[in-house]
Every structure is written in structure tokens, then in C-alpha cells.
Amino acid sequence: MRALLSRDLRLAIRAGGGFGLGLAFFLIVVTLVPFGVGPQGEILARIASGILWLGALLACLLSLDRIFALDFEDGSLDLLATAPIPMEAVVTIKALAHWITTGLPLVLAAPLFAVLLHLPAPAYLWLEVSLLLGTPALSVLGTFGAALTVGLKRGGLLLPLLALPLYVPTLIFGAELVRRGAEGLAIEVPLAMLAGITAATVALVPFASAAAIRVNLR
């Protein structure tokens, strides 16, 4: 399983959909917002939590189509389906590789980008907590959309339409956690909801993704 994880990390970096692309897209989203809503610090601070979370969500979408596509094209996915490792474990490893190459860099860079949006100082801790809790759910949910579209000629166009509705609860509670942290309000409810969503996603979605892969490989 370690060998599979290291292989997926190398493939993700070599394919060009890893660290740099997601961060660049995140930065573009954050820098374009002031042009659209104006440079007023008060307005930017009010919407910063939503913009940062939306940027992270869209950045995660960029490389979802590569989670299974490369393995499907070279036949590795068929070999993995017949390997002694359960397909659910393969899905989990691929989600982890996607998070390490996409989600983790966003978590580390988010405080720097938050400065551009005048995010209040008390919210920085909760921004990091929310992204650490929520971005793994984005990667795991993305495996389900990628599994449904693997092998389709225009799967990359269909994938965002499938993944975005699944991302909405994570987006809502992640942004709400940051907003409440910025305003000094109680954060227990959005924190618990975000943690619950991620826990349920990690526990259940790999089984659905594995089932979708098995159907597409028949």
C-alpha cells in the first residue's frame, strides 16, 4: 500500500496536476475577487471565508479527473481490481495521494492568501482547522465522481457537474466555521458538522467509489 501511495504521488506530480496548479488557481481566485467586489477591506473581510473556501473547492476540482484516468488508460486499474488489495483500500490511497498533492498545499498556503482578503486575525486558526477537516472530504468525494466518469471520452467535462453538488455541505460548514471564528461566535455546531461530514465521507464513500469502478471495468 505504501508503494501504491508513492507511485500515485509521483504520477500526480509528473502529470502536472499537483502542487503548483492548484495553488496557482487558488491564488488567481483570491486576487480576482477584489477586482469584482472592490478593494474595500470591510467588504473583503466579510466575504473572505466564503471566497477562500470556494477557491479551495475549485482548486481541488482541477485534478479530480486524473485520480483514475491515468491508471485506466495504461491498464493499471484492471490489475488493481484483481490485486489482493481491496478496491476500497485502493480508492482510499488514491484519495490520500490527491489530498497530499492538492489539499495539503492549499491548507499551508491559505493563511498567506487570506491576507489579501483582509481576513480578521481571530479567523486564521479556524481557517486552518476548517481546511484540515474539510479538504480530505473533498478528495474522497472526488473519487466517487472520478469513478463514475472513468473511461468516458468527455468525463472531464461531466465530473465537475457530479462533484460540485456533493461538495456543497462541506463548503457551507467550512465557510461558516471560519466566519464564526472571525466574529467571535460559537463554533461548536459548524465544527461538529464539518467533522461529521468528513468522517462519514471517509467511512462510506470509498465503498461507493469502488462499486462504480467495478461496474465501469466490466
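Placement of Cβ uses the backbone N, Cα and C atoms for every residue, glycine included.
Positions annotated as transmembrane segment by Swiss-Prot, on the basis of sequence analysis: 18-38, 43-63, 99-119, 131-151, 155-175, 185-205.
Listed as Cβ neighbours of the transmembrane segment (99-119) (distance under 8 Å, sequence separation of 6 or more from its ends, same chain) are residues 9, 12-13, 17-19, 22-23, 26-27, 30-31, 33-34, 41-42, 44-45, 47-49, 51-52, 55-56, 59-60, 62-63, 127-128, 131-132, 135-136, 138-139, 178, 182. Within the same chain, residues 53, 56-57, 60-61, 64-65, 67-69, 72, 77, 91-92, 94-96, 98-99, 102-104, 106-107, 110, 158-160, 162-163, 166-167, 170, 173-174, 191, 194-195, 197-198, 201-202, 205-206, 208-210, 212-213, 216 sit at least 6 positions outside the transmembrane segment (131-151) and bring their C-beta atoms closer than 8 Å to a C-beta of that stretch. Away from its own ends, the transmembrane segment (185-205) comes close to residues 92, 126, 129-130, 133-134, 136-137, 140-141, 143-144, 169-170, 173-174, 176-177 of its chain (Cβ-Cβ under 8 Å, at least six residues beyond either end).
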